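What TrEMBL says about this one:
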DOMAIN    A:67-275  domain 'ABC transmembrane type-1'
TRANSMEM  A:12-38  transmembrane segment
TRANSMEM  A:73-93  transmembrane segment
TRANSMEM  A:105-128  transmembrane segment
TRANSMEM  A:148-175  transmembrane segment
TRANSMEM  A:211-234  transmembrane segment
TRANSMEM  A:254-276  transmembrane segment
Amino acid sequence: MAFDMSKRSSYFLISPMALIFAIFLVVPLLTIIVVSFWDYDEYRILPDFIFENYKYLLGSSVTWQIYLNTFKYAALTWGFTLLIGFTVAYFLAFHVRSLTWQIVLFMLCTIPFWTSNIIRMISWIPFLGRNGLLNSALMGLGIVDEPLEFLLFSDFAVVLADVHLYTLFMVVPIFNSMMRIDRSLIEAARDAGASGFETLRHVIVPLSKPGIAIGSIFVITVVMGDFITVRLMSGGQSASVGLQISNEIGLLQYPAAAASAVVLLVTVLLIVTALLRMVDIRKEL
Amino acid sequence: MTTDNSKTTKNLLSTKEVTRRGFVKGAAATAGVAIGSGAITGFPTIWAQNIKDVTLRQFGTGVSNINAVADKVKEDLGFTLQMTALDSDAVAQRAVTQPKSFDIADIEYWICKKVFPAGTMQPMDTTKLKNYQYISKLFIDGKLTPDSEIAQGTAPHTVGFVEGADSVEFASAPTQWMTLVPTIYNADTLGIRPDLIERPINSWADLLDPAFKGKASILNIPSIGIMDAAMVCEAMGEVTYGDKGNMTQEEIDKTIAIMIDAKKAGQFRAFWKSFDESVNLMASGEVVIQSMWSPAVAAVRSKGIACKYQPLKEGYRAWGGGIGLAKHLTGLELEAAYEYIDWYLSGWVGAYLNRQGYYSAAPATAQKFMSEDEWGFWMEGKEAQGDILSPDGKVMEKAGAVRDGGSYEERMGSVACWNSVMDENKHMVRKWNEFIAA
């Protein structure tokens, strides 16, 4: 009896969550999957069941090129945000002694996030341009004779903007993990004769892994789906999967966009699964 | 539902007293919803006096969504025109997928070819338009003058008429049923920075001249970009086309291959998608030569930066837009829409557009609203006698200036191709994506 009651009440308790997920996640997702098998012409989408969208998508060299490009952006952004994010978090967690200062400096990191993504991105353009601030400064100082062209409308610019935008997503979870590390473990390591680097490698990094994994998931999923940074910072000259989807939507090719979205979703899910296999993030929770 | 209710309520309550006093309006509208919604249905005749309370929602590309036009409509016709500006893709998308979200669609002719067959719009009865007779021949039979040649692409007259009131079949000759009443059109060419380019530019092929490596740009709207690319390839003598506005797969593949080679060689600095982007690229000096729209050139010039709208020997790529009616319009709103469209052709807007550097669809009526000097400069290619002002009073050109490209006939008479949508559109878009991804 008692078992039955508790079972029933737990079903009751999860129903609001389940309902919200069903309406706002499962239904739209199923719609996307269904539409990805439809046909389309210039201005209409035609209910159907065809594999043409997937066939073209997976068979086209453009898709592979675009995925390669997107992976490149994701990998580079991940690498840089991890490096910077870990360093910042390490500094905050272990070098800043007082809690007040930790909070103050942490808040400082979040200040740029008070303005819009797009504005932070666009402000790079006049800075990096051919006649921009950086080039004028470099030429003024006599460091270069010709303006550096690779600064803007290039892969460099895209990765730079991505790193600038998403490093905080790394800092926060890693900082959180680090703050949970029992300080006596570090003392123990030192007592056992470990150097600073050995402590970092054998104590801090393994214990920060859940934070690193969560940060990585944030950064990788955001960069994999991004389209506006790629469009603005590459001057429209590079493509990413997100940009491809956005173009297809613009051209009313919803079924093609849906197929692209499904493939992207599967790709990102595979990456996330792989990350979760490597690290048990439940430790964090 | 709520919007419908408040609209009818306003109709019922609109003695001039009430409408003029903004502060009563809100309260009256809310309070009257219940009374209003039921009562109005019995008195359709009340509509005739209440045209002033109509609000028409128009959406279109940025070029023609001009607030001054909405203000003048309010002044001349009394009703309210709400304008929303979107990019070309979004316009097409909305016209098809959200047919109730607009009353007047302001779309380009090539979009019309895509959108009209979807059945979300209705054709206009030309007998209801007093100014129909003044519309330029270009939009009726495709010939600006009796001996001019019909350009390639989606020439406006080919999608300008349908067979009947309920038809979505484009007619091969003018009928009584017009899909779009033309509003704005122009001829595009390359824009250059004469201060940063030393040699004369006279061909589309110059866009891919290695001398401008890393300083060229092309627009990234596939259906328009491909035409500019085709103009370039044809001028280079690399590809010959049957119809640049409706290319074969082979022609598309060849064109894109040339563009990809150029891109890989670093010819392009960036691609632009919006008017503002093209202005910024040019004004900042990132780009010195690019396909460009005439008012964008004017916008660069108004910043005090030299910029030229360069006529080229191969001719222009032209585009044109028009306004058409949403399918759902009936009764009073339909009447108001007709009144608005007829007014659009009556000259004031035409003069306004001409002063912006576009062309009016009914030049004869626009002339009445322009000074002799203005008409001479903008339309006849004559030297300006005094300063030429923009519609908002800024000096566009000083006395003595001559318009790039000359007169109306010279410009619109040398159109090589109209913006269009091709039969091989799907293939073209895929190839274009290859170009962007390359």
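Backbone N, Cα and C atoms are what each Cβ position is placed from, and that goes for glycine too.
Keep in mind that what you see is a predicted model, and the values were worked out from it rather than measured.
Counting residues 6+ beyond its ends, the transmembrane segment (A:105-128) has Cβ neighbours under 8 Å at 88, 92, 96, 134-135, 151-152, 157, 160-161, 164-165, 168, 171, 175, 228-229, 232-233 in the same chain.
Among the listed stretches A:12-38, A:148-175, A:254-276, the one sharing the most Cβ pairs under 8 Å with the transmembrane segment (A:211-234) is A:148-175.
Residues of the same chain lying 6 or more positions beyond the ends of the transmembrane segment (A:12-38) and with a Cβ under 8 Å from any Cβ of it are 45-51, 53-54, 254-255, 258-259, 261-262, 265.
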